[in-house]
């Protein structure tokens, strides 16, 4: 389990997060929703171990983040930040392989790379120069890179693993957004990964998430199931914007402007 207890983060005298507590279970997709500046990315950074003052308040599989070496942490969780800048020319296969230092045999590394590329339907990009790809292609390659880091079969995994994604569908068209979230659900269901994803698209969250965290001005406004969170009163309080919630033909809520 990945948990945060009463997270408080200040930067330059400004409170970014106040008493934020969340819990992510293996096999669960948790979406963090909120307006710009709500603290969503900072929360993800805290959960990943990138905010030093928050480490004592975050626990991964029962252990405080402070007790993990960087190598052990890399094998237990993988992080995709909001933007990734690559200034050097790498082949796609080389980039995806970067997180696989713990695998000694090159043939095993290549098998893991191929598996990750196949998940996102980008096998044909394997020998392409990353810098020649479109923004959407680069986004899917970065997703393959972080997912490859955790693709140990569940029977061989020492402990549950966690995937932390910040706006992972940026630059992706409609079809690829849904393809990515189908992969996310597969990772949660088949590999029993816990997934935390920061999102702006409430309809993607409604369709694919198991649990929602509503963050407003650095505080948890509420959290719970999709059905209990995506109701007009809560959404309007979260975004200060009127909405309607309609039933999708397949059962999940669908949010439109009022």
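Note: Cβ is positioned from N, Cα and C throughout, glycine not excepted.
Residues annotated as domain 'ABC transporter' in Swiss-Prot, with sequence analysis given as evidence: 2-242.
Among the features that Swiss-Prot reports, ATP binding site is placed at 34, 35, 36, 37, 38, 39, 40, 41. In this structure, residue 35 (ATP binding site) belongs to neither helix nor strand by DSSP; it is coil.
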In this predicted model, the domain 'ABC transporter' (2-242) has a mean pLDDT of 93
A correct count of other C-beta atoms within 10 Å of the C-beta of residue 36 (ATP binding site) gives 6
Cβ-Cβ distance under 8 Å, sequence separation of 6 or more, same chain as residue 34 (ATP binding site); the residues meeting this, in order, are 40, 214, 215, 216, 221, 238
Across 37, 39, listed as binding-site residues, the smallest other-CB tally within 10 A is for 37
Those same-chain residues, other than 34, 35, 36, 37, 38, 39, 40, 41, found with Cβ within 8 Å of the centroid of the ATP-site Cβ atoms are 215
